[in-house]
Amino acid sequence: MSFSQLEQNIKKKIAVEENIIRGASALKKKTSNVMVIQKCNTNIREARQNLEYLEDSLKKLRLKTAQQSQGENGSEDNERCNSKEYGFLSTKSPNEHIFSRLDLVKYDCPSLAQRIQYMLQQLEFKLQVEKQYQEANTKLTKLYQIDGDQRSSSAAEGGAMESKYRIQMLNKALKKYQAINVDFDQFKHQPNDIMDNQQPKFRRKQLTGVLTIGITAARDVDHIQSPMFARKPESYVTIKIDDTIKARTKPSRNDRWSEDFQIPVEKGNEIEITVYDKVNDSLIPVAIMWLLLSDIAEEIRKKKAGQTNEQQGWVNASNINGGSSLASEEGSTLTSTYSNSAIQSTSAKNVQGENTSTSQISTNSWFVLEPSGQILLTLGFHKSSQIERKQLMGGLHRHGAIINRKEEIFEQHGHHFVQKSFYNIMCCAYCGDFLRYTGFQCQDCKFLCHKKCYTNVVTKCIAKTSTDTDPDEAKLNHRIPHRFLPTSNRGTKWCCHCGYILPWGRHKVRKCSECGIMCHAQCAHLVPDFCGMSMEMANKILKTIQDTKRNQEKKKRTVPSAQLGSSIGTANGSDLSPSKLAERANAPLPPQPRKHDKTPSPQKVGRDSPTKQHDPIIDKRISLQTHGREKLNKFIDENEAYLNFTEGAQQTAEFSSPEKTLDPTSNRRSLGLTDLSIEHSQTWESKDDLMRDELELWKAQREEMELEIKQDSGEIQEDLEVDHIDLETKQKLDWENKNDFREADLTIDSTHTNPFRDMNSETFQIEQDHASKEVLQETVSLAPTSTHASRTTDQQSPQKSQTSTSAKHKKRAAKRRKVSLDNFVLLKVLGKGNFGKVILSKSKNTDRLCAIKVLKKDNIIQNHDIESARAEKKVFLLATKTKHPFLTNLYCSFQTENRIYFAMEFIGGGDLMWHVQNQRLSVRRAKFYAAEVLLALKYFHDNGVIYRDLKLENILLTPEGHIKIADYGLCKDEMWYGNRTSTFCGTPEFMAPEILKEQEYTKAVDWWAFGVLLYQMLLCQSPFSGDDEDEVFNAILTDEPLYPIDMAGEIVQIFQGLLTKDPEKRLGAGPRDADEVMEEPFFRNINFDDILNLRVKPPYIPEIKSPEDTSYFEQEFTSAPPTLTPLPSVLTTSQQEEFRGFSFMPDDLDL
């Protein structure tokens, strides 16, 4: 639609509204009926509101037309002015001012245009759902009538009748909004689907608590009029939560109720309020509206924050007295100190009042009913999940970091499906039905479907390249691409790929001109080329193809397998199935006797025994292995998929699998029988010869390699003991080595051994040596070290090389001292949290103090934090390499079976959270700490590391008065300028808006956290606070930071720059990174070179009584016993291998 056509359309709608006003005014003059006059007044009021909206839309359209005709110069000037105002007076982008859903359903709605768009989508969806309800109830009525169940039939019929009335209401309301809607998609700045699709998860989260709702009165409702009754009918109001009736008012004929309800809610989402008229014995719905519990909770939060700000007298940046003028350093110090003292007195007075008034805060307003009328409601909601926190100065408290763990992945045709929660209505891209709350979504292409449907998806994920496809996989040769064209969406429809509701308008929607499916513009290239065919039909065809291929392969395999199996079974005098023959062919061979054993002993079957007597434990293990083999044979016989997979192995076994025995004539007998069976199947002769030759060669090589490994292992052990071990130690080691070989021979599958149990002191030292080399040089990777001889051929060569390596490095390894937890005395607990514990420890060798951070391996494995642990170690080494003055350095790291340990330098001055909670920081002191933190962040960013967990608890104070950043658990490397990541992590009050929106983000998130940190140091409270995480997140996304009205302009300026919600416009987000922040007027009297070289005297030096003084740490930590709970070893070899190379022992270690 062109601008001229759109302008004509708006003028027509304006004329309609003017006619409604004239007609209602004329009718009102000619009647004395009170009801008619009231209706006319309502029509006039609504028409004037619509008229104002249409005239405003016409002005916007003409302005846009003028801008296009004059060029873009004027718009660029306006944008430049807006960006200047945006940079200092507001931290929000002009496009971010979107009203909440609760604001849009209020009678005094701030934006009628947004309400029209929101209600059009909601009414379309409700209409579709109600039609489904009506259809289902109609079918149920007929079914119950057939069964003769009159009671259930009447209930279903009543439900169908109510759905009929609801559909009439919704259609009427939908036509009302469609009549005045103006489509501005040609020059729209903001997509319509922001209200739903891009809402963070917590915005529509199910809540638990107590809902307080007061229903006072209603007005302008179109009640049912009957000529038989002079009085208005009785009216009720019902309250539903997630389609369940929770409360109902008393009947009223004058639309006044004045009733209050307190409704306990358990994981509720949507509230429905419906007005019913009672006609005879039936209730007929006449008006309806919907609210979300999360919107009510957000409204209560804003109202509570507003009350607190009014009591404090704080304002946003645009109302600061100083404006943009920059005060002198002395003036800013005095002003801020005065403000801080005022804050202290105010916050101390209001802490108790804030707690007591939380449950009493409510919102009262007139809300719009559909299709006509308004209702006066008083709404309040108290969450039962709110955490009672100890209120300290300004409300600052400790909070652990959060991180989104990796979800379980379900793979299907290259898709990586994970289970996701959705709090708006989604549509399955496979079957087309609605999803309620949860579904399976591909991490790569965002394809969405039910859990029950994901196994039926036949289309490849776009992330799967052609080289990843299986050549034998069944394919559907239906390649008819869609013809997607831009189209205007006029109803509520869902994307056929990602399942989200499609926005209204033309820019973001595509429709296939052939088959009619619709999708987002960004999803069009992901939709498979199945034009004219549904997903379900494609799946049926593909399954038929797969079944046909499977049956054909089964027929080919059955005839020859049966013949050959019967011939072999007859020849051996036993009936052996092909699967058992395959099992025998693949079974490991018995070990060969050693060279010094002249005659084979019966006791040596399956092992090398040091004695000639039977060992009852060994016999028991052998019997258990036999029992396991029988279970495996039974499983193989019953598993068709396994038979398909092992078809080649079966054929090999059928021709060349002799009985395993020590009888040297057995092989000849079995070969003779095999030749006999081959004569009965001439068609397979050439293939069978090839298979038999390969198997015999494989057997010979295997026996030779096993014998060689045993000989080499014995010789190497002897060489290692020469000139270093006395006779007694040598005998002890010989006995241990023999036991090791016995255990190795007994264990048929040695995949669950523990490398940490297998290490002797020498191999442990070798591993430490290799680990330190690998970390410092970052060029050599540590090869696994193991003393066991593996029984699989692919592990034999590495074992030999590892043993040789241990012999070569023995002399050097013997000089390196081993460090373990036994080398330390554990003194006090310094802190604990999600990560584990930090314990003050003293070295037994040097009496040096250190802080040991202890992490449990099983927690790291369960939470998929292996990469985080590696990154933490890497950042520790980065800080230690240059001995950075403001970063915590690492002494060493080591591990046990169940834990890993970082031995760090002990910083005895406590963290800044303790100091801020116990003493207010002056501006000079806060600026000094901020400068040192800034230089630490600069070093991280210059080396491609983002920190992501900057907060007061992670900044420690040294005995000299300087700061050091600690806890590198959330750091990520390889984050240079322009690189992005998307992990949802951080401490709630410090998380940047782009993280909460689950967008990809850059190093700019550290500058947002730096702004929050500086705000807390100067004003002793958070710029964005709430009673729980969801409230904090909402505050970060929607609220402006507030300041004392007399705060200095330079302080406000740096806050506004760092706390800008748009990451591209944020201070420090450019290529110059920290240099932008260092050039701010706030730091103009700071010499950063002197700060870096510790030439500036700290403004505060903590009083530390002794090296072991922990008075600056929380007593709840230091009073806990410094012990580690014993843990059972539950990690497998593969899990332990994840921690290989973690240990770090520098050459100059002095512990």
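Glycine too: its Cβ is placed from the backbone N, Cα and C atoms.
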- Of 306-331, 462-487, 1060-1085, the range Swiss-Prot labels region 'Disordered': 306-331
- Task: From the list Ser226, Ser1022, pick out the residue that Swiss-Prot labels phosphoserine.
- Result: Ser226
- Message: Going by Swiss-Prot alone, which of Ser235, Ser761, Ser1129 is annotated as phosphoserine?
- Response: Ser761
- Task: Would you mind giving the whole-number mean pLDDT across the zinc finger (414-461)?
- Result: 82
- DSSP-assigned states of the zinc finger (481-531) in counts, ordered helix, strand, coil: 6 helix, 15 strand, 30 coil
